[in-house]
Amino acid sequence: MITSAKLGKSFHNKQTDKRKNFITANPEIQPTRVIMLGPSLQEQGGMGAVSNLIIESATPEIQFQHISTWNGPNLTKLESLQVFCLAIWQLIGLLLQQKVDLLHLHLSERGSAWRNSGLILIALLFNKPVILHAHGAEFHTFHARLNPIFRKFLNWILQKPTYLIVLSESWRKFYISHCHIPAQKVVVLHNPVDFPQQLPTKNQDEQFKLLFLGKINQRKGIYDLLKAIALVKAELSHKIKLIIAGSGEINETLNLAQELGIEEKIDFCGWVNREQRNQLLAQVDLFLLPSYNEGLPMALLEAMSWAIPVITTPVGGIGEVIFHSETGWLVEPGNSQQLKTAIECLLENLDLRDKISQAARNKVAAFSIQKYSISLSKLYQDALKICKN
């Protein structure tokens, strides 16, 4: 049975309670009804995590309803089409009943771009403001490879939303220069983090725990990471345990680990939920994400918020939050030798790890979900004013 995803009870009840209290205290104010469309809230990736966090932490004057337009890669094309058609049916029903003030759409590359094109056209027909929220780490390559006619059409569509949220200044420049979106419409909102107020004391044992958290594939640099682990010098190598959490190319990763003779150094956790993720973040010494393309990865920001030293690459928006040897350690994408050197350097220098981890935590304090929710609410109100005028 193909259905749209529903909010978890804890998320829904928390938001509903806040909204009821707000309405009771402010009976003259009607909540802003936002329909959020994008991947299922159970989606194993950054967009699902961001959507859940936004809905859970919404300011009380915002009333969210989420509609899934995509339920993951494991469905057939026909099943995915059914999910999207159901989403359109639900959206049009709400619009006809005048239960929509604003649409918040989550954008990635490939199929997501075309699904959102249809949703934007529907919003135009009903004269509703649209916040388009760009996440796709590979949108630039997808855009460049499009047939010129399709690219021109997509650019025209992307110019229609009231605002486009991007994850970094570098992505803002891309959408303005390549998609010709007016600069005043493109707003930078870094991904939010659920900032832990207190950090646990870590066990001081002989083993170093390294964490890779994300989609397990070439784009995230998992194979480069395994090669780097195999190169680490012997006096450190026997102390290392690499924890790999996520879904994706697990068999290929395991095969390479066996070829390199490091399978005993690796633990595969599979995909982890928020509670399991926090348990991992509470115990690891280093976070590793040697990606080739990124937006601004949630996992990286979460690691920084938990005061974990990060080794990553300066791609997408990462270079705007990770400053080399200050808030993290940067290496070139695909360079296993640099990655190996960085791992050795940080594992051998506790003072450097402590300095970087504290600076990283201070850096992402500005990205707390509480501050983000206030900024997003203001953007919604600005969009509504523009639409009325």
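Placed from the backbone N, Cα and C atoms, the Cβ positions cover glycine too.
Marked as domain 'Glycosyltransferase subfamily 4-like N-terminal' by TrEMBL: 77-194. The domain 'Glycosyl transferase family 1' annotation in TrEMBL covers 203-362.
Regional average pLDDT for the domain 'Glycosyltransferase subfamily 4-like N-terminal' (77-194) in the model is 97. Secondary structure of the domain 'Glycosyltransferase subfamily 4-like N-terminal' (77-194) per DSSP, as helix, strand and coil residue counts: 66 helix, 19 strand, 33 coil.
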